[in-house]
Amino acid sequence: MAGTTIASARPTAREAGADSGPGTRRRLRPAGYLWILPALVLCVGLIYYCIAYTAVISTWDWDGIDPFPEKVGAENYVRIAQDPIFWRTIRHTVVFFVVTFVVQTALGVVFAVLLHSRVWLGVVYKVIIFIPVVLAPAITAPVFRRLYAPDGQFNWVLEHVGLGGLAQPWLGQESTALPVIMAITVWQWTGLTFVLYFAAMSQIDPSVLEAARIDGAGNLRILASIIWPGVRGTTVALGILSAIGALKTFDVPYLVAVGGPNYATEFLGTYIYRKTIAQSHVGYGAALSVILLVLALTFAIIMQVRGREKDGVS
Amino acid sequence: MFEVRSRGARLLLQLVVTLLVLPFLFPLVAMVQGSLAGDGWGNYAAVLAVPGLWRFFVNTVVIAASVIVIVYAVTMLAAYGFSKLHIRGREIYFWLLLACLTLPEVVLLAPLFTTAQAFGFFDTYWAVILPLAALQVPFAVLLTRNFVNGIPDELFEAARVDGASAVRGFIHLIVPLTRPIAAAILIFTLIGAWNNYLMPLVFLQSPEMQTITLVPQFFVGQFSNDQTKILASAVLTAIPEVVAYLCLQRLFERGLAAGALK
(Lines of atoms letter the chains of each structure in order from A and count residues from 1; the text may use other names and numbers.)
(Lines give C-alpha, C1' and ligand atoms only; values in the text may rest on other atoms or scores of the structure.)
Protein backbone atom coordinates (compact mmCIF):
# COMPACT_ATOMS: atom_id res chain seq x y z
CA MET A 1 0.00 0.00 0.00
CA ALA A 2 2.73 2.39 1.02
CA GLY A 3 4.53 1.65 -2.24
CA THR A 4 1.57 2.68 -4.34
CA THR A 5 1.15 5.89 -2.43
CA ILE A 6 4.71 6.96 -3.01
CA ALA A 7 4.68 5.91 -6.65
CA SER A 8 1.46 7.77 -7.26
CA ALA A 9 2.58 10.82 -5.29
CA ARG A 10 5.51 11.43 -7.59
CA PRO A 11 3.68 12.14 -10.86
CA THR A 12 1.10 14.19 -8.98
CA ALA A 13 3.80 16.36 -7.52
CA ARG A 14 5.46 16.75 -10.88
CA GLU A 15 2.19 17.64 -12.47
CA ALA A 16 1.43 20.24 -9.82
CA GLY A 17 4.92 21.71 -10.08
CA ALA A 18 5.02 21.88 -13.85
CA ASP A 19 1.45 22.90 -14.31
CA SER A 20 2.38 26.01 -16.25
CA GLY A 21 2.17 24.98 -19.90
CA PRO A 22 -0.56 23.13 -21.74
CA GLY A 23 1.89 20.57 -23.09
CA THR A 24 3.04 19.26 -19.74
CA ARG A 25 0.16 16.90 -19.28
CA ARG A 26 0.78 15.14 -22.50
CA ARG A 27 4.42 14.58 -21.64
CA LEU A 28 3.32 12.62 -18.62
CA ARG A 29 1.46 10.14 -20.71
CA PRO A 30 3.26 6.81 -20.95
CA ALA A 31 4.87 6.09 -24.28
CA GLY A 32 2.58 4.28 -26.70
CA TYR A 33 5.05 2.98 -29.28
CA LEU A 34 4.97 -0.61 -28.07
CA TRP A 35 1.18 -0.60 -28.17
CA ILE A 36 0.89 0.28 -31.83
CA LEU A 37 3.80 -1.93 -32.83
CA PRO A 38 1.81 -5.16 -33.47
CA ALA A 39 -0.61 -3.35 -35.78
CA LEU A 40 2.24 -1.69 -37.65
CA VAL A 41 4.21 -4.92 -37.97
CA LEU A 42 1.18 -6.81 -39.26
CA CYS A 43 -0.20 -4.20 -41.65
CA VAL A 44 2.73 -2.09 -42.66
CA GLY A 45 5.04 -5.09 -42.65
CA LEU A 46 2.90 -7.41 -44.71
CA ILE A 47 1.13 -4.93 -46.93
CA TYR A 48 3.95 -2.53 -47.69
CA TYR A 49 6.20 -5.48 -48.37
CA CYS A 50 3.64 -6.74 -50.89
CA ILE A 51 3.32 -3.31 -52.48
CA ALA A 52 7.09 -3.02 -52.88
CA TYR A 53 7.26 -6.55 -54.28
CA THR A 54 4.41 -5.80 -56.70
CA ALA A 55 6.16 -2.64 -57.86
CA VAL A 56 9.26 -4.69 -58.64
CA ILE A 57 7.31 -7.42 -60.46
CA SER A 58 5.54 -4.76 -62.51
CA THR A 59 8.82 -4.08 -64.35
CA TRP A 60 9.17 -7.73 -65.36
CA ASP A 61 7.74 -9.76 -68.16
CA TRP A 62 6.94 -12.74 -65.96
CA ASP A 63 4.69 -15.80 -66.03
CA GLY A 64 4.96 -16.35 -62.26
CA ILE A 65 7.17 -19.46 -62.48
CA ASP A 66 10.25 -18.60 -64.54
CA PRO A 67 13.13 -18.16 -62.05
CA PHE A 68 14.83 -15.64 -64.35
CA PRO A 69 12.18 -13.15 -65.43
CA GLU A 70 13.03 -10.70 -68.17
CA LYS A 71 13.30 -7.14 -66.91
CA VAL A 72 11.41 -4.86 -69.25
CA GLY A 73 11.33 -1.54 -67.39
CA ALA A 74 8.17 0.49 -67.98
CA GLU A 75 6.98 -1.59 -70.92
CA ASN A 76 4.04 -3.07 -69.02
CA TYR A 77 2.80 0.42 -68.19
CA VAL A 78 3.13 1.55 -71.81
CA ARG A 79 1.13 -1.46 -72.93
CA ILE A 80 -1.55 -0.75 -70.32
CA ALA A 81 -1.93 2.83 -71.56
CA GLN A 82 -2.71 1.40 -75.00
CA ASP A 83 -4.95 -1.38 -73.73
CA PRO A 84 -8.59 -0.67 -74.65
CA ILE A 85 -9.87 -3.13 -72.01
CA PHE A 86 -7.98 -1.26 -69.29
CA TRP A 87 -9.75 1.98 -70.27
CA ARG A 88 -13.05 0.15 -70.30
CA THR A 89 -12.49 -1.08 -66.75
CA ILE A 90 -11.78 2.53 -65.70
CA ARG A 91 -15.04 3.71 -67.31
CA HIS A 92 -16.94 0.88 -65.63
CA THR A 93 -15.39 1.79 -62.27
CA VAL A 94 -16.37 5.47 -62.56
CA VAL A 95 -19.96 4.71 -63.61
CA PHE A 96 -20.21 2.02 -60.96
CA PHE A 97 -18.94 4.34 -58.22
CA VAL A 98 -21.23 7.26 -59.11
CA VAL A 99 -24.37 5.15 -59.45
CA THR A 100 -23.89 2.87 -56.45
CA PHE A 101 -22.76 5.72 -54.18
CA VAL A 102 -25.69 8.00 -55.07
CA VAL A 103 -28.29 5.25 -54.82
CA GLN A 104 -26.89 3.80 -51.61
CA THR A 105 -26.62 7.21 -49.96
CA ALA A 106 -30.18 8.12 -50.94
CA LEU A 107 -31.57 4.79 -49.77
CA GLY A 108 -29.42 4.77 -46.63
CA VAL A 109 -30.52 8.26 -45.56
CA VAL A 110 -34.18 7.59 -46.34
CA PHE A 111 -34.18 4.30 -44.42
CA ALA A 112 -32.34 5.85 -41.48
CA VAL A 113 -34.74 8.80 -41.27
CA LEU A 114 -37.83 6.63 -41.62
CA LEU A 115 -36.69 4.08 -39.08
CA HIS A 116 -35.82 6.86 -36.63
CA SER A 117 -39.44 8.00 -36.98
CA ARG A 118 -42.33 6.17 -35.43
CA VAL A 119 -42.58 3.01 -37.48
CA TRP A 120 -44.04 -0.28 -36.34
CA LEU A 121 -41.69 -3.28 -36.30
CA GLY A 122 -38.60 -1.13 -36.97
CA VAL A 123 -36.25 -3.94 -35.93
CA VAL A 124 -37.63 -6.27 -38.59
CA TYR A 125 -36.92 -3.72 -41.32
CA LYS A 126 -33.43 -3.09 -39.96
CA VAL A 127 -32.60 -6.77 -39.97
CA ILE A 128 -33.90 -7.29 -43.51
CA ILE A 129 -31.85 -4.39 -44.83
CA PHE A 130 -28.70 -5.51 -43.05
CA ILE A 131 -28.79 -9.24 -43.78
CA PRO A 132 -27.40 -8.82 -47.34
CA VAL A 133 -24.26 -7.21 -45.83
CA VAL A 134 -23.69 -10.37 -43.85
CA LEU A 135 -24.07 -12.75 -46.79
CA ALA A 136 -21.03 -13.60 -48.89
CA PRO A 137 -21.19 -12.65 -52.58
CA ALA A 138 -19.85 -16.14 -53.19
CA ILE A 139 -23.00 -17.48 -51.53
CA THR A 140 -25.51 -15.10 -53.11
CA ALA A 141 -24.03 -15.20 -56.62
CA PRO A 142 -25.88 -18.42 -57.58
CA VAL A 143 -29.11 -16.82 -56.35
CA PHE A 144 -28.63 -13.79 -58.57
CA ARG A 145 -27.57 -15.79 -61.58
CA ARG A 146 -30.84 -17.65 -61.17
CA LEU A 147 -32.86 -14.48 -60.44
CA TYR A 148 -31.74 -12.62 -63.55
CA ALA A 149 -31.77 -15.62 -65.88
CA PRO A 150 -34.08 -15.41 -68.92
CA ASP A 151 -36.58 -17.70 -67.13
CA GLY A 152 -35.70 -16.36 -63.69
CA GLN A 153 -37.82 -14.76 -61.00
CA PHE A 154 -37.05 -11.19 -62.07
CA ASN A 155 -38.64 -11.62 -65.48
CA TRP A 156 -41.45 -13.56 -63.79
CA VAL A 157 -42.21 -10.54 -61.58
CA LEU A 158 -42.06 -8.20 -64.58
CA GLU A 159 -44.60 -10.33 -66.40
CA HIS A 160 -46.90 -10.44 -63.40
CA VAL A 161 -46.95 -6.67 -62.94
CA GLY A 162 -47.76 -6.15 -66.61
CA LEU A 163 -44.23 -5.27 -67.77
CA GLY A 164 -43.64 -8.55 -69.59
CA GLY A 165 -42.33 -6.62 -72.58
CA LEU A 166 -39.26 -5.64 -70.55
CA ALA A 167 -38.28 -9.23 -69.84
CA GLN A 168 -34.84 -10.00 -71.25
CA PRO A 169 -31.67 -12.02 -70.57
CA TRP A 170 -30.30 -9.46 -68.10
CA LEU A 171 -26.87 -10.99 -67.61
CA GLY A 172 -26.49 -12.33 -71.12
CA GLN A 173 -26.23 -9.03 -72.97
CA GLU A 174 -23.69 -6.24 -72.73
CA SER A 175 -26.20 -3.41 -72.28
CA THR A 176 -27.77 -4.71 -69.05
CA ALA A 177 -25.02 -6.76 -67.40
CA LEU A 178 -23.31 -3.79 -65.72
CA PRO A 179 -26.56 -2.32 -64.35
CA VAL A 180 -27.39 -5.73 -62.89
CA ILE A 181 -23.98 -5.87 -61.20
CA MET A 182 -24.62 -2.40 -59.79
CA ALA A 183 -28.07 -3.41 -58.56
CA ILE A 184 -26.61 -6.43 -56.77
CA THR A 185 -23.94 -4.25 -55.17
CA VAL A 186 -26.55 -1.76 -53.97
CA TRP A 187 -28.58 -4.63 -52.55
CA GLN A 188 -25.50 -5.95 -50.80
CA TRP A 189 -24.13 -2.75 -49.25
CA THR A 190 -27.08 -0.42 -48.57
CA GLY A 191 -27.41 -2.09 -45.17
CA LEU A 192 -24.01 -0.82 -44.14
CA THR A 193 -24.71 2.72 -45.40
CA PHE A 194 -28.01 2.62 -43.56
CA VAL A 195 -26.52 1.40 -40.26
CA LEU A 196 -23.83 4.10 -40.31
CA TYR A 197 -26.33 6.87 -41.10
CA PHE A 198 -28.69 5.48 -38.49
CA ALA A 199 -25.87 5.65 -35.93
CA ALA A 200 -24.85 9.17 -36.99
CA MET A 201 -28.44 10.43 -36.81
CA SER A 202 -28.91 9.20 -33.27
CA GLN A 203 -26.23 11.72 -32.30
CA ILE A 204 -28.14 14.71 -33.63
CA ASP A 205 -29.36 16.75 -30.66
CA PRO A 206 -33.16 16.30 -30.40
CA SER A 207 -33.54 19.80 -28.94
CA VAL A 208 -32.27 21.28 -32.22
CA LEU A 209 -34.97 19.37 -34.10
CA GLU A 210 -37.49 20.52 -31.52
CA ALA A 211 -36.46 24.17 -31.90
CA ALA A 212 -36.69 23.96 -35.68
CA ARG A 213 -40.13 22.44 -35.42
CA ILE A 214 -41.31 25.22 -33.13
CA ASP A 215 -40.02 27.70 -35.71
CA GLY A 216 -42.35 26.03 -38.20
CA ALA A 217 -39.93 23.88 -40.19
CA GLY A 218 -41.59 20.90 -41.92
CA ASN A 219 -40.21 17.38 -42.15
CA LEU A 220 -38.46 17.91 -45.50
CA ARG A 221 -36.98 21.21 -44.37
CA ILE A 222 -35.57 19.52 -41.27
CA LEU A 223 -34.12 16.75 -43.42
CA ALA A 224 -32.42 19.23 -45.76
CA SER A 225 -31.25 21.79 -43.21
CA ILE A 226 -30.47 19.82 -40.07
CA ILE A 227 -30.22 16.08 -40.65
CA TRP A 228 -28.29 16.06 -43.95
CA PRO A 229 -25.64 18.58 -42.79
CA GLY A 230 -25.53 16.77 -39.45
CA VAL A 231 -24.37 13.50 -41.04
CA ARG A 232 -21.85 15.14 -43.39
CA GLY A 233 -18.91 13.39 -41.80
CA THR A 234 -20.51 10.01 -42.45
CA THR A 235 -21.23 10.97 -46.08
CA VAL A 236 -17.59 11.95 -46.69
CA ALA A 237 -16.31 8.77 -45.05
CA LEU A 238 -18.76 6.63 -47.03
CA GLY A 239 -17.74 8.48 -50.21
CA ILE A 240 -14.13 7.50 -49.65
CA LEU A 241 -15.03 3.94 -48.74
CA SER A 242 -17.29 3.49 -51.80
CA ALA A 243 -14.72 4.94 -54.16
CA ILE A 244 -12.08 2.58 -52.83
CA GLY A 245 -14.68 -0.19 -52.85
CA ALA A 246 -15.45 0.53 -56.51
CA LEU A 247 -11.76 0.30 -57.39
CA LYS A 248 -11.50 -2.95 -55.43
CA THR A 249 -14.66 -4.53 -56.89
CA PHE A 250 -14.04 -8.18 -57.58
CA ASP A 251 -16.42 -10.67 -56.02
CA VAL A 252 -19.75 -9.67 -57.55
CA PRO A 253 -18.75 -9.16 -61.21
CA TYR A 254 -16.45 -12.19 -61.14
CA LEU A 255 -18.86 -14.58 -59.46
CA VAL A 256 -22.03 -13.45 -61.19
CA ALA A 257 -20.78 -12.70 -64.69
CA VAL A 258 -17.04 -13.60 -64.80
CA GLY A 259 -16.37 -10.08 -66.11
CA GLY A 260 -18.42 -10.76 -69.23
CA PRO A 261 -20.22 -10.87 -71.55
CA ASN A 262 -17.41 -9.55 -73.73
CA TYR A 263 -15.75 -7.58 -70.87
CA ALA A 264 -19.03 -5.71 -70.17
CA THR A 265 -18.58 -6.20 -66.41
CA GLU A 266 -14.79 -6.20 -66.30
CA PHE A 267 -13.34 -4.15 -63.43
CA LEU A 268 -9.74 -3.49 -62.51
CA GLY A 269 -9.92 -6.22 -59.87
CA THR A 270 -11.32 -8.87 -62.19
CA TYR A 271 -8.93 -7.80 -64.95
CA ILE A 272 -5.93 -8.12 -62.62
CA TYR A 273 -7.16 -11.57 -61.61
CA ARG A 274 -7.70 -12.57 -65.25
CA LYS A 275 -4.23 -11.40 -66.23
CA THR A 276 -2.35 -12.66 -63.16
CA ILE A 277 -3.98 -16.02 -62.48
CA ALA A 278 -5.90 -17.08 -65.57
CA GLN A 279 -3.43 -15.87 -68.23
CA SER A 280 -0.21 -15.91 -66.14
CA HIS A 281 0.84 -12.41 -67.22
CA VAL A 282 1.99 -11.73 -63.69
CA GLY A 283 4.13 -8.71 -64.59
CA TYR A 284 1.26 -7.07 -66.44
CA GLY A 285 -1.11 -7.81 -63.57
CA ALA A 286 1.36 -6.28 -61.12
CA ALA A 287 1.57 -3.09 -63.19
CA LEU A 288 -2.23 -2.92 -63.19
CA SER A 289 -2.15 -3.39 -59.40
CA VAL A 290 0.27 -0.50 -58.97
CA ILE A 291 -1.97 1.75 -61.08
CA LEU A 292 -5.00 0.67 -59.04
CA LEU A 293 -3.18 1.45 -55.82
CA VAL A 294 -2.08 4.90 -56.98
CA LEU A 295 -5.65 5.72 -58.08
CA ALA A 296 -7.11 4.59 -54.75
CA LEU A 297 -4.58 6.53 -52.68
CA THR A 298 -4.96 9.69 -54.77
CA PHE A 299 -8.70 9.54 -54.47
CA ALA A 300 -8.63 8.94 -50.73
CA ILE A 301 -6.31 11.92 -50.19
CA ILE A 302 -8.38 14.26 -52.40
CA MET A 303 -11.62 13.29 -50.69
CA GLN A 304 -10.11 13.60 -47.24
CA VAL A 305 -8.63 17.05 -47.92
CA ARG A 306 -11.75 18.40 -49.60
CA GLY A 307 -14.04 16.91 -46.97
CA ARG A 308 -12.04 18.63 -44.25
CA GLU A 309 -11.98 21.99 -46.05
CA LYS A 310 -15.75 22.12 -46.22
CA ASP A 311 -15.99 21.15 -42.60
CA GLY A 312 -13.98 24.17 -41.62
CA VAL A 313 -11.60 22.17 -39.46
CA SER A 314 -7.99 21.46 -40.25
CA MET B 1 -36.71 12.17 -36.99
CA PHE B 2 -39.88 12.71 -38.94
CA GLU B 3 -42.84 13.81 -36.89
CA VAL B 4 -46.13 12.34 -37.93
CA ARG B 5 -49.21 13.34 -36.03
CA SER B 6 -52.16 11.87 -37.89
CA ARG B 7 -52.83 8.17 -38.16
CA GLY B 8 -53.05 8.44 -41.94
CA ALA B 9 -49.56 9.94 -42.22
CA ARG B 10 -48.18 7.23 -40.01
CA LEU B 11 -49.71 4.55 -42.21
CA LEU B 12 -48.26 6.26 -45.27
CA LEU B 13 -44.82 6.22 -43.66
CA GLN B 14 -45.20 2.53 -42.90
CA LEU B 15 -46.26 1.86 -46.47
CA VAL B 16 -43.23 3.70 -47.90
CA VAL B 17 -40.76 1.74 -45.73
CA THR B 18 -42.46 -1.53 -46.61
CA LEU B 19 -42.33 -0.82 -50.35
CA LEU B 20 -38.69 0.24 -50.14
CA VAL B 21 -37.69 -2.86 -48.22
CA LEU B 22 -39.37 -5.31 -50.61
CA PRO B 23 -36.52 -5.34 -53.17
CA PHE B 24 -34.16 -6.23 -50.31
CA LEU B 25 -36.36 -9.05 -49.17
CA PHE B 26 -37.01 -10.45 -52.64
CA PRO B 27 -33.62 -12.16 -53.29
CA LEU B 28 -33.66 -13.59 -49.76
CA VAL B 29 -37.08 -15.11 -50.38
CA ALA B 30 -35.96 -16.37 -53.77
CA MET B 31 -32.96 -18.00 -52.10
CA VAL B 32 -34.94 -19.84 -49.45
CA GLN B 33 -37.73 -20.72 -51.85
CA GLY B 34 -35.29 -22.03 -54.45
CA SER B 35 -33.54 -24.15 -51.83
CA LEU B 36 -36.87 -25.86 -51.05
CA ALA B 37 -37.90 -26.45 -54.64
CA GLY B 38 -38.01 -30.01 -55.96
CA ASP B 39 -37.15 -32.31 -53.07
CA GLY B 40 -38.11 -29.78 -50.37
CA TRP B 41 -36.15 -30.42 -47.16
CA GLY B 42 -34.59 -33.33 -48.98
CA ASN B 43 -32.23 -30.81 -50.58
CA TYR B 44 -30.86 -29.92 -47.16
CA ALA B 45 -30.56 -33.55 -46.21
CA ALA B 46 -28.67 -34.24 -49.44
CA VAL B 47 -26.30 -31.32 -48.83
CA LEU B 48 -25.65 -32.29 -45.22
CA ALA B 49 -25.03 -35.88 -46.26
CA VAL B 50 -22.16 -34.89 -48.54
CA PRO B 51 -18.96 -36.24 -46.97
CA GLY B 52 -16.44 -33.50 -46.32
CA LEU B 53 -18.96 -30.70 -45.96
CA TRP B 54 -18.06 -30.32 -42.30
CA ARG B 55 -14.48 -29.84 -43.35
CA PHE B 56 -15.48 -26.64 -45.18
CA PHE B 57 -17.23 -25.39 -42.05
CA VAL B 58 -14.40 -26.30 -39.71
CA ASN B 59 -11.84 -24.62 -41.97
CA THR B 60 -13.90 -21.44 -42.15
CA VAL B 61 -14.48 -21.41 -38.40
CA VAL B 62 -10.77 -21.87 -37.70
CA ILE B 63 -9.82 -19.10 -40.13
CA ALA B 64 -12.53 -16.67 -39.03
CA ALA B 65 -11.84 -17.25 -35.31
CA SER B 66 -8.10 -16.75 -35.74
CA VAL B 67 -8.59 -13.59 -37.77
CA ILE B 68 -11.01 -12.22 -35.16
CA VAL B 69 -8.62 -12.93 -32.27
CA ILE B 70 -5.67 -11.33 -34.07
CA VAL B 71 -7.65 -8.31 -35.25
CA TYR B 72 -9.23 -7.74 -31.84
CA ALA B 73 -5.95 -7.93 -29.93
CA VAL B 74 -3.94 -5.83 -32.36
CA THR B 75 -6.69 -3.24 -32.79
CA MET B 76 -7.37 -2.66 -29.10
CA LEU B 77 -3.66 -2.25 -28.35
CA ALA B 78 -3.20 0.17 -31.24
CA ALA B 79 -6.35 2.19 -30.53
CA TYR B 80 -5.22 2.67 -26.92
CA GLY B 81 -1.76 3.71 -28.05
CA PHE B 82 -3.04 6.12 -30.67
CA SER B 83 -5.74 7.65 -28.51
CA LYS B 84 -4.46 7.79 -24.94
CA LEU B 85 -0.70 7.34 -24.94
CA HIS B 86 2.15 9.54 -26.03
CA ILE B 87 3.54 8.89 -29.49
CA ARG B 88 5.64 11.44 -31.28
CA GLY B 89 4.42 11.88 -34.86
CA ARG B 90 1.50 9.58 -34.23
CA GLU B 91 -0.57 10.94 -37.12
CA ILE B 92 2.16 9.75 -39.49
CA TYR B 93 1.92 6.21 -38.13
CA PHE B 94 -1.85 6.45 -38.24
CA TRP B 95 -1.84 7.44 -41.90
CA LEU B 96 0.66 4.72 -42.70
CA LEU B 97 -1.92 2.33 -41.31
CA LEU B 98 -4.92 3.97 -42.95
CA ALA B 99 -3.26 3.90 -46.37
CA CYS B 100 -3.61 0.12 -46.14
CA LEU B 101 -7.39 0.60 -46.32
CA THR B 102 -7.03 1.49 -49.98
CA LEU B 103 -5.33 -1.79 -50.76
CA PRO B 104 -7.37 -4.32 -52.73
CA GLU B 105 -6.59 -7.92 -52.00
CA VAL B 106 -5.92 -8.73 -55.66
CA VAL B 107 -2.77 -6.63 -55.34
CA LEU B 108 -1.51 -9.06 -52.73
CA LEU B 109 -1.92 -12.10 -54.94
CA ALA B 110 1.36 -12.25 -56.82
CA PRO B 111 3.72 -11.24 -53.98
CA LEU B 112 1.93 -13.37 -51.40
CA PHE B 113 1.84 -16.33 -53.71
CA THR B 114 5.62 -16.39 -54.20
CA THR B 115 6.31 -15.49 -50.56
CA ALA B 116 3.93 -18.12 -49.21
CA GLN B 117 5.60 -20.74 -51.34
CA ALA B 118 9.07 -19.65 -50.30
CA PHE B 119 8.18 -19.90 -46.60
CA GLY B 120 6.11 -23.06 -46.96
CA PHE B 121 2.91 -21.27 -45.95
CA PHE B 122 1.15 -22.19 -49.13
CA ASP B 123 -1.98 -24.30 -48.60
CA THR B 124 -1.92 -23.68 -44.84
CA TYR B 125 -4.34 -21.61 -42.75
CA TRP B 126 -1.67 -18.94 -42.25
CA ALA B 127 -1.59 -18.06 -45.93
CA VAL B 128 -5.18 -16.86 -45.54
CA ILE B 129 -5.28 -15.73 -41.90
CA LEU B 130 -2.40 -13.27 -41.96
CA PRO B 131 -3.37 -11.31 -45.10
CA LEU B 132 -7.03 -11.23 -44.04
CA ALA B 133 -6.10 -9.89 -40.60
CA ALA B 134 -3.75 -7.32 -42.13
CA LEU B 135 -6.54 -6.12 -44.42
CA GLN B 136 -9.08 -5.86 -41.58
CA VAL B 137 -6.95 -4.08 -38.99
CA PRO B 138 -6.84 -0.56 -40.55
CA PHE B 139 -10.63 -0.11 -40.61
CA ALA B 140 -10.95 -1.64 -37.15
CA VAL B 141 -8.33 0.76 -35.76
CA LEU B 142 -10.07 3.72 -37.40
CA LEU B 143 -13.39 2.83 -35.74
CA THR B 144 -11.91 1.93 -32.37
CA ARG B 145 -9.68 4.99 -32.15
CA ASN B 146 -12.73 7.22 -32.67
CA PHE B 147 -14.52 5.31 -29.95
CA VAL B 148 -11.64 5.47 -27.47
CA ASN B 149 -11.29 9.21 -28.16
CA GLY B 150 -14.78 9.50 -26.71
CA ILE B 151 -13.67 8.05 -23.34
CA PRO B 152 -12.63 10.98 -21.13
CA ASP B 153 -8.89 11.43 -20.54
CA GLU B 154 -9.60 12.19 -16.88
CA LEU B 155 -10.45 8.55 -16.32
CA PHE B 156 -6.96 7.49 -17.39
CA GLU B 157 -5.33 10.32 -15.46
CA ALA B 158 -7.22 9.34 -12.34
CA ALA B 159 -6.07 5.77 -12.78
CA ARG B 160 -2.50 6.95 -13.19
CA VAL B 161 -2.69 9.10 -10.09
CA ASP B 162 -3.85 6.01 -8.24
CA GLY B 163 -0.72 4.28 -9.41
CA ALA B 164 -2.09 2.25 -12.28
CA SER B 165 0.36 1.51 -15.06
CA ALA B 166 -0.50 1.80 -18.74
CA VAL B 167 -1.03 -1.96 -18.80
CA ARG B 168 -3.54 -1.83 -15.97
CA GLY B 169 -5.27 1.13 -17.62
CA PHE B 170 -5.66 -1.08 -20.65
CA ILE B 171 -6.99 -4.10 -18.77
CA HIS B 172 -9.32 -2.27 -16.40
CA LEU B 173 -10.53 0.62 -18.57
CA ILE B 174 -10.06 -0.06 -22.28
CA VAL B 175 -11.14 -3.70 -22.37
CA PRO B 176 -14.44 -3.27 -20.46
CA LEU B 177 -15.35 0.16 -21.85
CA THR B 178 -14.84 -0.74 -25.51
CA ARG B 179 -17.29 -3.62 -25.50
CA PRO B 180 -19.81 -1.96 -27.86
CA ILE B 181 -17.21 -1.13 -30.49
CA ALA B 182 -15.70 -4.58 -30.00
CA ALA B 183 -19.05 -6.00 -31.08
CA ALA B 184 -18.89 -3.89 -34.23
CA ILE B 185 -15.30 -5.00 -34.90
CA LEU B 186 -16.31 -8.60 -34.30
CA ILE B 187 -19.14 -8.40 -36.81
CA PHE B 188 -17.12 -6.62 -39.48
CA THR B 189 -14.20 -8.99 -39.07
CA LEU B 190 -16.48 -12.01 -39.08
CA ILE B 191 -18.13 -10.79 -42.28
CA GLY B 192 -14.76 -10.08 -43.89
CA ALA B 193 -13.18 -13.39 -42.93
CA TRP B 194 -16.21 -15.66 -43.32
CA ASN B 195 -17.18 -14.21 -46.69
CA ASN B 196 -13.77 -13.92 -48.25
CA TYR B 197 -13.55 -15.74 -51.52
CA LEU B 198 -10.36 -14.74 -53.28
CA MET B 199 -7.80 -15.72 -50.63
CA PRO B 200 -9.03 -19.29 -50.09
CA LEU B 201 -9.54 -19.66 -53.84
CA VAL B 202 -5.89 -18.87 -54.54
CA PHE B 203 -4.04 -20.00 -51.43
CA LEU B 204 -5.92 -23.12 -50.34
CA GLN B 205 -5.62 -25.63 -53.12
CA SER B 206 -6.11 -29.03 -51.52
CA PRO B 207 -9.76 -30.09 -51.13
CA GLU B 208 -9.60 -30.68 -47.38
CA MET B 209 -8.40 -27.10 -46.75
CA GLN B 210 -11.16 -25.24 -48.59
CA THR B 211 -13.68 -22.89 -47.03
CA ILE B 212 -17.43 -22.50 -47.34
CA THR B 213 -17.30 -19.66 -49.84
CA LEU B 214 -15.99 -22.28 -52.25
CA VAL B 215 -18.95 -24.56 -51.51
CA PRO B 216 -21.24 -23.42 -54.35
CA GLN B 217 -18.55 -24.24 -56.89
CA PHE B 218 -17.87 -27.53 -55.18
CA PHE B 219 -21.56 -28.38 -55.49
CA VAL B 220 -21.68 -27.42 -59.13
CA GLY B 221 -19.39 -30.40 -59.61
CA GLN B 222 -20.99 -32.60 -56.95
CA PHE B 223 -24.61 -32.26 -58.08
CA SER B 224 -23.94 -31.57 -61.75
CA ASN B 225 -25.32 -28.05 -61.39
CA ASP B 226 -28.47 -28.88 -59.41
CA GLN B 227 -29.47 -25.35 -58.41
CA THR B 228 -31.76 -26.34 -55.55
CA LYS B 229 -28.92 -28.12 -53.69
CA ILE B 230 -26.59 -25.20 -54.34
CA LEU B 231 -29.13 -22.80 -52.87
CA ALA B 232 -29.67 -25.10 -49.90
CA SER B 233 -25.92 -25.02 -49.25
CA ALA B 234 -26.02 -21.23 -49.60
CA VAL B 235 -28.72 -20.95 -46.94
CA LEU B 236 -26.82 -23.29 -44.61
CA THR B 237 -23.58 -21.31 -44.90
CA ALA B 238 -25.41 -18.03 -44.28
CA ILE B 239 -27.07 -19.15 -41.03
CA PRO B 240 -24.09 -18.76 -38.64
CA GLU B 241 -23.50 -15.18 -39.75
CA VAL B 242 -27.12 -14.17 -39.56
CA VAL B 243 -27.33 -15.65 -36.06
CA ALA B 244 -24.16 -13.83 -34.98
CA TYR B 245 -25.52 -10.55 -36.31
CA LEU B 246 -28.91 -11.00 -34.63
CA CYS B 247 -27.26 -11.80 -31.28
CA LEU B 248 -24.95 -8.80 -31.38
CA GLN B 249 -27.29 -6.37 -33.15
CA ARG B 250 -27.92 -4.07 -30.17
CA LEU B 251 -24.30 -3.83 -29.06
CA PHE B 252 -23.25 -3.42 -32.69
CA GLU B 253 -25.48 -0.40 -33.18
CA ARG B 254 -24.42 1.17 -29.91
CA GLY B 255 -20.79 0.79 -30.85
CA LEU B 256 -21.30 2.33 -34.26
CA ALA B 257 -23.28 5.21 -32.78
CA ALA B 258 -20.41 6.08 -30.45
CA GLY B 259 -17.53 5.30 -32.75
CA ALA B 260 -19.26 6.18 -36.01
CA LEU B 261 -17.08 7.42 -38.82
CA LYS B 262 -16.26 11.06 -38.40
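Just so it is clear, glycine is given a Cβ too, placed from its N, Cα and C backbone atoms.
If you look up TrEMBL, you'll see B:57-248 marked as domain 'ABC transmembrane type-1'. The annotation transmembrane segment is assigned in TrEMBL to B:53-80, B:92-113, B:125-148, B:169-194, B:230-248.
Comparison of B:53-80, B:92-113, B:125-148, B:169-194 by number of C-beta pairs under 8 angstroms to the transmembrane segment (B:230-248) places B:169-194 first.
For the transmembrane segment (B:169-194), the list of distant contacts is 60, 63-64, 67-68, 71-72, 75-77, 79-80, 84, 132, 135-136, 139-140, 143-144, 147-148, 151, 155-156, 159-160, 212-213, 240-241, 244-245, 248, 251-252, 254-256, 258-259: same-chain residues at least six beyond its ends, Cβ to Cβ under 8 Å.
Here the transmembrane segment (B:125-148) has Cβ contacts under 8 Å with residues 59, 62-63, 66-67, 70-71, 74-76, 78-80, 82-84, 94, 97-98, 100-101, 103, 105, 108, 112, 116, 174, 178, 180-181, 184-185, 188-189, 192-193, 196, 199-200, 203-204, 209, 211, 255-256, 258-262 of the same chain, all six or more residues outside its ends.
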